[in-house]
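Student: Below is the structure I would like to discuss, written out as structure tokens.
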Amino acid sequence: MPIYDRYGRPVLSLRIQLNTTCNFSCFFCHMEGTDVNGEELTPEEIERVVKISHEFGVNKVKITGGEPTLRADIIDIIGRIRKHITGNISMTTNGTMLPKIAKDLKKAGLDRVNISLHSPDDERFHFITGTRMIDRVLEAVRSANDAGLTPVKINFVVLKDLNVNDIPRMLEIAAENNAILQLIEYETDREGESSEEYRRYHISLDPIEAQIRKKAIGVEYNDLHNRPRYLMKNDHGVVKIEFVKPQRNPDFCAHCTRLRITSRGEFKTCLMRSDTNVPFKGVTDENRLRDLFRIAVSLREPYWKPGDEQQTEETYDSAISESK
């Protein structure tokens with residue numbers, strides 16, 4: 001039976017950050033809400049916390065980083081997680097290491113991947129990521145399909161005046177590779193909304209979604225956040241598009257059923273908060289670990305609440321007017 005927080009939200013999945021190291025330097029990366037300090041969890045510690053979490057009803061895991069495939073023990077970690085999780089195990093990756101290990105990841109128990117591709121244009125890709133590895137990322141999409149790590153999702157963070165015009169080509173790439181395209185809103189906490197970088201690159205996805213909705217031939221709904229998945233036809237087939245819009249979105253928070261694990265061994269109750277983190281690294285007693293899990297769940301609270309969404313338009317309008 002799942003465990004519920006004070007707001008009636010069940011905890012059904014874990015989002016496990018394996019590291020903070022990455023071979024990209026995307027300027028908008030939130031690093032799963034952590035800094036680069038701290039010793040990483042061992043495979044044994046990860047398995048222990050997954051085992052305990054499963055006892056409380058967790059049966060789905062997302063692996064993240066940093067870049068999780070930079071860990072030499074990634075195959076072992078996936079295998080240990082699979083011992084206890086019969087549901088979906090997925091991983092978010094930039095894909096640069098994936099062609100070499102995709103089949104081994106699948107064999108170990110990984111079900112599918114999200115691959116980050118924030119522009120199909122080499123120069124814009126370089127500006128965003130600081131690398132020239134776009135060809136390796138595209139190869140990773142193909143390798144993931146070949147290995148059966150499907151459905152592949154392509155993560156595309158939409159950035160004002162930078163990659164918005166790349167969306168039509170991204171739709172083609174997704175259709176060519178039978179992948180789902182996730183258009184993701186640039187996300188930050190309340191304090192970050194006033195930063196020059198956020199105001200320069202954040203754009204509301206509502207107008208883009210309205211255009212896609214008009215052209216869609218069908219719609220499905222995502223289980224996690226009850227968000228729509230649009231089906232569109234193009235010259236390369238049918239493509240599915242999801243919009244991830246967490247910024248000042250109380251509905252997004254209301255449907256959150258995920259508990260996060262930081263790479264340094266903490267239960268993290270919310271991406272946008274660190275003051276409610278519950279450390280567990282070094283705890284080997286399973287009863288104590290169960291207590292810490294319960295404490296973390298009791299501290300879960302929606303970051304965005306009803307009333308916050310009104311400020312979305314105010315923030316957006318202010319940013320637009322000041323950028324003119």
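Every residue, even glycine, has its Cβ placed from backbone N, Cα and C.
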Student: Considering the [4Fe-4S] cluster 2 binding residues C253, C256 given in Swiss-Prot, which of C29, C270 is annotated for that site as well?
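Tutor: Candidate in the recorded [4Fe-4S] cluster 2 site: C270.
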Student: Given that Swiss-Prot lists R15, K62, K153, R258, L259, R260 as binding GTP, which residue among T86, T92, T93, T96 does it place in the same site?
Tutor: T92
Student: Take the Cβ of C253 ([4Fe-4S] cluster 2 binding site) and count every other Cβ within 10 Å, whichever protein chain it belongs to.
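Tutor: The answer is 22.
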Student: If you count other CB atoms within 10 A of each CB, which of C22, C26, C29 wins among these binding-site residues?
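Tutor: Highest number of other Cβ atoms within 10 Å: C22.
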Student: Cα-Cα separation of R260 (GTP binding site) and C270 ([4Fe-4S] cluster 2 binding site), in Å?
Tutor: 7
Student: Measure from the Cα of C26 ([4Fe-4S] cluster 1 binding site) to the Cα of every one of the binding-site residues K62, G66, T92, K153, R258, then give the nearest.
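Tutor: Checked the binding-site residues K62, G66, T92, K153, R258; minimum Cα distance to C26 ([4Fe-4S] cluster 1 binding site) goes to G66.
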Student: CB neighbours of R15 (GTP binding site) within 10 A?
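Tutor: Excluding its own Cβ, the number within 10 Å is 19.
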Student: Need the DSSP three-state call for R15 (GTP binding site) to compare against my parser.
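Tutor: DSSP call for R15 (GTP binding site): strand.
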